[in-house]
Amino acid sequence: MNDFWQHCSALLERELTPQQYVTWIKPLAPVAFDASANTLSIAAPNRFKLDWVKSQFSGRIADLAREFWNTPIEVQFVLDPKAGMRSAPAGAAPAAPRAPLAPNGPAATVAAIAANLTANASAAPAAPADVPMTPSAAAARHLNADDADIDLPSLPAHEAAAGRRTWRPGPGAAPANGGEADSMYERSKLNPVLTFDNFVTGKANQLARAAAIQVADNPGISYNPLFLYGGVGLGKTHLIHAIGNQLLLDKAGARIRYIHAEQYVSDVVKAYQRKAFDDFKRYYHSLDLLLIDDIQFFSGKSRTQEEFFYAFEALVANKAQVIITSDTYPKEISGIDDRLISRFDSGLTVAIEPPELEMRVAILMRKAQSEGVNLSEDVAFFVAKHLRSNVRELEGALRKILAYSKFHGREISIELTKEALKDLLTVQNRQISVENIQKTVADFYNIKVADMYSKKRPANIARPRQIAMYLAKELTQKSLPEIGELFGGRDHTTVLHAVRKIADERSKDAQLNHELHVLEQTLKG
């Protein structure tokens, strides 16, 4: 029995992502094998994991058991709270050192960095360093569009005028002097709280994080510009602040500026009104790192786009790094000059997707820990299972739970969570259906809905069908057998093959990734 479980675990570890394996398979333990009845009993540490593993992995474990013993085996799951103690919890392992990614040319693609992700994606995200921070509240504040003047933090006049491009290497830590740190963060407009250490990593954002780390390690060399896109609350702003903060640690003299696109538009208007474009250009053209957030706000603003184009050209020519975020794929942003779109496409464009279940659980538990609250795994799984859209929604839900618990003087439980999130869960219960996914995908690829559950196998039908299966697994709570049944009675292994195939290709094929992003946004409304 133990030999089988070692064999089974090793195979599943190769088949699943590290986070999936650690979350679902590692806590399991074989407890009994009845050779006369051909039954294998496997223990799970809590009810949620038992139900999830039973619905998602029992078929695969049974297949492996049949191959191992050369006879059909019935796999039974039992509840045993001690099962989880046989292996370390998911968050217990120390973070592995960050492995450098091999630098690539400026026209790198998503596939170019995918092969280098293993060391970075498999490492558990490090816990935030227990070091007190002293930046002022102003340092963590975004610049407001109604500031009285154009906000161009001062640079040494001789340096700005000469356009000097050399890095001034600094110590490997932020300045010890609190006032100096405050000034540094005030100039850059970086939020010192947003770092790589407290960025929770999962399948949905591992490519973006890997690219961000590469840029932080090699500014102006790899992936310039770096363009991150995705829906609200998925971590785009966190990542670009993390890049800036890492650069300030590595090179304390670096000239860095984070700015929201709306503030940049406001500064262009003020510079135009005051005939101060020379100062405006001198400042932006002399930066070492420019971080522009939500560039879709440039839409329809031709003068702003023109000034940004000149700044972009000057920065890239001087090997300064440009990082841009948007809520959509560059070519999908309306009202943006084609010259800018072509510049965005010349670097690396990476999507950040909504977090998967395991990542949502990790986000909730880490956030609760930062609030000094011990959130049980069962409650975290319950919330993560029902709230799927983005990190902000999860954090907002957690705040409601904490406030409700404090107000009523009750411990946090699933029952209390249901009460606290009653209105939110009512909305979420109007879930995306597999039937809706089939119709949406069929319309998108111009095939009939009936083709989704037919036995036809031409590529123009089989491919959309696999995409629909993948989306059904990602966006609904249906098990693999249930999804297979809704696709014409197909076996769960067929669904599993489709899910793995599309997930693998998505990480390498930018066009497929874009199509899936469009479909997901359509389905989520």
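For all residues, glycine too, the Cβ spot is worked out from N, Cα and C.
Swiss-Prot has this to say about the protein:
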- G233, G235, K236, T237: ATP binding site (BINDING)
- 169-181: compositional bias 'Low complexity' (COMPBIAS)
- 1-71: region 'Domain I, interacts with DnaA modulators' (REGION)
- 71-188: region 'Domain II' (REGION)
- 160-182: region 'Disordered' (REGION)
- 189-405: region 'Domain III, AAA+ region' (REGION)
- 406-525: region 'Domain IV, binds dsDNA' (REGION)
Secondary structure content of the region 'Domain IV, binds dsDNA' (406-525), with strand meaning DSSP E or B: 86 helix, 0 strand, 34 coil
Near-site residues: ATP, ref G233, G235, K236, T237, CB cutoff 8 A to centroid: G230, V232, L234, H238, L239, T325, I352, V391
Nonlocal neighbours by CB distance (under 8 Å) for G235 (ATP binding site), same chain, sequence gap 6 or more: F199, N205, A208, I352, V391
For the region 'Domain I, interacts with DnaA modulators' (1-71), residues assigned helix / strand / coil by DSSP: 44 helix, 12 strand, 15 coil
T237 (ATP binding site) CB neighbourhood, other CB atoms within 10 A: 20
Least surrounded among the binding-site residues, given as G233, K236, when other CB atoms within 10 Å are counted: G233
